[in-house]
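Colleague: Dropping the structure in here first, questions after.
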Amino acid sequence: MSSPSKRRDMDLMKLMMSDYKVEMINDGMQEFFVEFRGPKDSPYEVGVWKIKVELPDAYPYKSPSIGFVNKIFHPNVDELSGAVCLDVINQTWSPMFDLVNVFEVFLPQLLLYPNASDPLNSDAALMIRDHATYEQRVKEYCEKYAKPEDIGAVEDPDSSEDELSEEDSYASSDDAIVGQPDP
């Protein structure tokens, strides 16, 4: 059996090789951010979140701490702290799981199947009864808080959107007004 530090290093490397963008915090390998995209065919699919991951010294025998950095509207995610209420991470974690499981299975399942009976965000839990209103609020949060630029991601230079010419990049006087609070 390998040591927890070797397993931590191996799981982190596996996560990086699974095409997740990982940003290390400090010099250690115990705290980092992961770019997470919402699951397809869900109201979250347009969202991109920065997830903070903290691995305890006893990882994989103890679960990682997972939290959303940018806001998300979901009954099982605290809107202010980003803390996640997910049984498999908080209570039933097993050393058989790894970080790829968290991002490819656990978090997508959480977003696809919210549990309104165990909420951290009671507003979302109450609103989930009206599915159309709930989905609309989720989409509003994605548009407002979960775009690539909200997490510091840089758009792919090979994207299909046309780039602005140097002349077009200067803001007009009308553009300066956009986004300003009303007096």
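Placement of Cβ uses the backbone N, Cα and C atoms for every residue, glycine included.
Annotations for this protein, taken from TrEMBL, read as follows:
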DOMAIN    1-147  domain 'UBC core'
ACT_SITE  CYS85  active site, glycyl thioester intermediate
REGION    148-183  region 'Disordered'
COMPBIAS  152-169  compositional bias 'Acidic residues'
Colleague: What residues, ordered by sequence, lie under 8 A Cβ-to-Cβ from the residue listed as 'active site, glycyl thioester intermediate' and sit at least six positions away in the same chain?
Modeller: ASN76, VAL77, ASP78, ASN115, ASP118, PRO119, LEU120
Colleague: Could you tell me the mean pLDDT the prediction assigns to the domain 'UBC core' (1-147)?
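Modeller: Mean model confidence (pLDDT) across the domain 'UBC core' (1-147) is 94.
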